[in-house]
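Reading through the structure tokens given below for one structure.
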Amino acid sequence: MQSAAAVGLLRPCGATTAAAPLQLRNPSPRGFGVGVGQPLLPPRGLRLSAVAPRAGISARRIGLVPASPEQEDERRRGARDVAVAATAAAAGEAGAEEGGGLAKTLQLGALFGLWYLFNIYFNIYNKQVLKVFPYPINITNVQFAVGTVIALFMWITGILKRPKISGAQLAAILPLAMVHTMGNLFTNMSLGKVAVSFTHTIKAMEPFFSVLLSALFLGEMPTPFVVLSLVPIVGGVALASLTEASFNWAGFWSAMASNVTFQSRNVLSKKLMVKKEESLDNITLFSIITVMSFFLLAPVTLLTEGVKVTPTVLQSAGLNLKQIYTRSLIAAFCFHAYQQVSYMILARVSPVTHSVGNCVKRVVVIVTSVLFFRTPVSPINSLGTGVALAGVFLYSQLKRLKPKPKTA
């Protein structure tokens, strides 16, 4: 093996000779040489490289060399195209969002329209049947029966997910079903005795009973503004009652009892706090309550009025069998449909918006029934109804204002 000194990595000790200075010789046919050694580079002919143009273009791109007018125009057109494309993309996204928002608005408007339409048809057909067939327990049970069939159909077909509830949950739902049954029964009893418009005017007092029962059983004390909003409600209902042409005490107290039972249902639902599974949303809970209400009211029907919806009973009373059955079934379908649509709306909007929509719905039902049945209405009666409904609207707005927490 050669030593490091042999290969020139180390100078031999004591060597004092200095290296000859490097100098570049004149080019020779053999190439460029350094010092006295062999030529460093072999001779090659000169040729153009393709790298040079790219280097020039790169230099122009970074501004080292000015670009030609054609290249500058091309660059501007490219930048303009990119800007146009970005603007179009942003506009497309905004348009998609706007289109999605418009679709949701139209869908919500359609649901409100169906809610009002089903309510109108229910009240009109229900009133027509109750006027000639004064058996409100039978009619109410028919409505629960139709609702039960609809609920079972939706569960069997998979439109609604089958509920998975325990015995404890059924026991908690039972009181809700009981007051739900009584509330609808009292409403039908009132509709059979007085005008539709008057029943719904009395039912405008629901906020009064809601505040009263919540304070008594839940300890929820209302704000002074909420209490003040109840004054026009009570005053308007009183004024409308004094001037109501169809007034009778049975219809009046039935509507009042309906208010108490429906608001008791709301208080019970808060107090019992029914634990919901994933498959137990509001629509499913309403369907379960409807089925339970049918089985609760069926024996009561047998023990009180008896089964009066048979063809024999209807024909003996001189009633048109086809008309009674058709209108009863339409009213029952609309009864179940408008409550389902109401829950669908509640899932999309805030409770305050829903309560305002409910107030408007009551106005629509009152006006429609007055026009359809040609109910005589005096100016004082109209004023009382209007004041009561205005109070309901004011209540719904003030209810959302939460009292500020007291600081120490």
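In case you wondered, yes, glycine gets a Cβ from its N, Cα and C as well.
Looking at 76-96, 139-159, the range tied to transmembrane segment in Swiss-Prot is 139-159. Among the ranges 39-59, 186-206, 312-332, 375-395, the one that Swiss-Prot lists as transmembrane segment is 375-395. Taking H, G and I as helix, E and B as strand and the rest as coil, DSSP gives the domain 'EamA' (124-241) the counts 99 helix, 0 strand, 19 coil.
Away from its own ends, the transmembrane segment (283-303) comes close to residues 137-138, 140-141, 144-145, 147-148, 150-152, 154-155, 160-161, 163, 165, 173-174, 176-178, 180-181, 184-185, 274, 276, 336, 339-340, 343-344 of its chain (Cβ-Cβ under 8 Å, at least six residues beyond either end).
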